[in-house]
Ligand SMILES: O=C(O)c1cc(=O)[nH]c(=O)n1[C@@H]1O[C@H](COP(=O)(O)O)[C@@H](O)[C@H]1O
């Protein structure tokens, strides 16, 4: 897979015009774009349509987390919008994830599209072990909790997980080579961590075995986003 197909750029922008500007600068150097809570809340389905119209793929990062019936309905709506990847929270449990998987499969068949890649968010990359234990109240080590949720996601019929690059090896060992591992928390050497806590460089994340890297601010906040994306891709080329 060429490195451009391994990078998903997070479009965390306040309105449609800002998203359009970035996609126009980045496509075709970047093939897939992530529409997350900020962009989707501001622009709605138009954000997804704008990317699809320009030929890009869409990861709808809405982190669905609700009762199974509600998550299934939202999943069906996202499939009808033509998204290529979407996520739910593993913390929603098995019946919620099974409902999402069934909804994605059935709706995709009904509209004659391939089913989107369905993945589960594990422990957010902005949390460290201290926050997980003392704030969230989960006593396990981060890696142990991530692997526990990854196994649950796999057993519930999902294609993969979102996790930090630091847990890739343990997830691969537990869930096998085909399991999709999407890793945010990616920072080129020396870059500002911002709110991220469990990070690695793009090259290291790839070496660990990431399927896709989600990268936002190191590209979107750069003076020249296309140049920043291409520099990261060049760094990755030697590894793929
Ligand atoms: O689901 C995600 O994409 C996600 C999960 C997670 O644990 N951590 C995480 O940072 N993300 C998303 O990945 C992106 C990372 O952006 P940057 O920190 O700007 O590179 C953001 O859009 C987050 O919403």
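Placement of Cβ uses the backbone N, Cα and C atoms for every residue, glycine included.
Lifted from TrEMBL, the feature list:
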{"type": "ACT_SITE", "residues": "61", "note": "active site, for OMPdecase activity"}
{"type": "ACT_SITE", "residues": "63", "note": "active site, for OMPdecase activity"}
{"type": "ACT_SITE", "residues": "63", "note": "active site, proton donor"}
{"type": "ACT_SITE", "residues": "66", "note": "active site, for OMPdecase activity"}
{"type": "BINDING", "residues": "12, 34, 61-70, 125, 187, 196, 216-217", "note": "substrate binding site"}
{"type": "DOMAIN", "residues": "6-232", "note": "domain 'Orotidine 5'-phosphate decarboxylase'"}
| query | Just checking: which of the recorded positions 12, 62, 66, 68, 125, 216 have a C-beta under 6 Å from ligand 1? | reply | 12, 125, 216
| message | Using a 10 Å radius around each Cβ and all protein chains in view, which of these recorded positions has the most neighbours: 12, 61? | response | 61
| said: In whole Å, how far does the CA atom of residue 12 (substrate binding site) lie from that of residue 63 (active site, for OMPdecase activity)? | reply: 14
| field | Whole-number mean of pLDDT values that fall within the domain 'Orotidine 5'-phosphate decarboxylase' (6-232) | value | 97
| remark: Going by C-beta under 8 A and a gap of 6 or more residues, the same-chain neighbours of residue 216 (substrate binding site) are 9, 10, 11, 12, 34, 184
| field | List of residues, in chain order, with Cβ under 8 A from that of residue 62 (substrate binding site) and at least 6 apart | value | 36, 37, 40, 74, 78, 86, 87
| What three-state secondary structure does DSSP assign to residue 63 (active site, for OMPdecase activity)? | strand
| field | Residue pair residue 68 (substrate binding site), residue 61 (active site, for OMPdecase activity) - Cα distance, angstrom, rounded | value | 18
| Distance, residue 125 (substrate binding site) to residue 63 (active site, for OMPdecase activity) (CA atoms, angstrom) | 14
